[in-house]
Each structure stands twice: as structure tokens, then as C-alpha cells.
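Quick look at what Swiss-Prot lists:
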type: BINDING; residues: 23-28, 39-40, Tyr42, Thr45, Gly71, 126-127, Asp129, 156-158; note: GTP binding site
type: BINDING; residues: Thr27, Thr45, Asp68; note: Mg(2+) binding site
type: LIPID; residues: Cys206; note: S-geranylgeranyl cysteine
type: LIPID; residues: Cys208; note: S-geranylgeranyl cysteine
type: MOD_RES; residues: Ser2; note: N-acetylserine
type: MOD_RES; residues: Cys208; note: cysteine methyl ester
type: MOTIF; residues: 32-50; note: motif 'Switch 1'
type: MOTIF; residues: 69-88; note: motif 'Switch 2'
Amino acid sequence: MSAGGDFGNPLRKFKLVFLGEQSVGKTSLITRFMYDSFDNTYQATIGIDFLSKTMYLEDRTIRLQLWDTAGQERFRSLIPSYIRDSAAAVVVYDITNVNSFQQTTKWIDDVRTERGSDVIIMLVGNKTDLADKRQVSIEEGERKAKELNVMFIETSAKAGYNVKQLFRRVAAALPGMESTQDKSREDMIDIKLEKPQEQPVSEGGCSC
């Protein structure tokens, strides 16, 4: 019955910003999720790209706005403004590149500087299809996630491994249901605010 009530509510939008060093696979993860495809030709993201997708969960439907940021240093100054109003940050590293893993601490710090501690952060070790070239163990990823109090998953955008699971876990952590209920409460308060304004008039005048 509560699901039926949700149909009247506008589709909730959540902004997810993808962060990480250059060539860790941010764009590839988004492309795999959006189109279930993978492009072997590497093209660096210039500035910021934006894509949007509706996601159907068990108890609600939401719209994810995916912001793909460039990893290059020259675009770094653009990123804080995109982090500022995000609901979640996906911080990606390449399991075959230990430097990209070390840099995730800085990216997570940037997110918390702009958004405070209430933002959802997912640490993602990408490129598990290159396991023979692995420089960062899954245990190291899990340890860092625990230390920094963030979520963690390993993925392969190329093989499609855990990509849907990544987005499902982030979506499940979003404050969708609470926000929807708060919205309804706000609407109810708005209605109540109009009634008290009428009451003093009827009490002060004739009781019609």
C-alpha cells in the first residue's frame, strides 16, 4: 500500500560524483552501467561529463545523475563545486596502480571538506580483470575503507564484474525513503500553516 502512495511523488534525483586519478576507469564504470558496453579505446574525460539514469529499486524508483570528472590536474579546480551538492561520491582507483590507490585518501578528504561527514562515499578498486598485474590487494582496499569509514567494492568495468552491484549498494544507502517521508511532512505542515491563519479571523469575527 505504501508503494502505491509513492507513485504520486515526483521522481527523486540524486547526484553521484565520480572521482579519482586519470585512467582509473571512472568513465568506463559509468558507460558499463548506462549502456552495458566497454570501449577499449582510452579517451580522457575533458572537464566534467553528465549522464542520467532511472534506477528501479525494490521499494522505490530514483533518478541517478552521474557526474564524471576529469582526473587530470588542470581540471582539479572545477571539481569542488560539483562535489558540493552531491548525495554520494564514488572514489575510484586502479588495482594495478598503487599511486592511484594512495591518492584516494586525498579525494575522500576533498569530498568531506566540501560536503561534511554525512555524504555517502564508495571506494572502488577497478580493473579486477587485470588481476595478474594487481598492486593493491583487496585486503588493503578493505582496510582503507574501514579506516576512512567509507563503503568498499572491487569492480571490472571491462568484464562487467560488480558494476550493477556498485550502483545498487550506493542507491540503497541513499536517504530516499526518509527524504520522501520528510517531503510529505513538509507538505502537511504547509497545509497546517494556512489553517491557523484562517482560525484567528473566524474567532475574531462572527463564527460562521
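Placement of Cβ uses the backbone N, Cα and C atoms for every residue, glycine included.
For Ser23 (GTP binding site), the number of other Cβ atoms no farther than 10 Å from its own Cβ, over all displayed protein chains, is 17. Of all the binding-site residues given, namely Ser23, Lys26, Lys127, Ala157, those whose Cα is no farther than the 10 Å limit from the Cα of Asp68 (Mg(2+) binding site) are Lys26. Along the motif 'Switch 2' (69-88), the predicted structure has mean pLDDT 76.
Packing around Thr27 (Mg(2+) binding site) is summarised by its Cβ count: 23 other Cβ atoms lie within 10 angstroms of its Cβ, all protein chains included.
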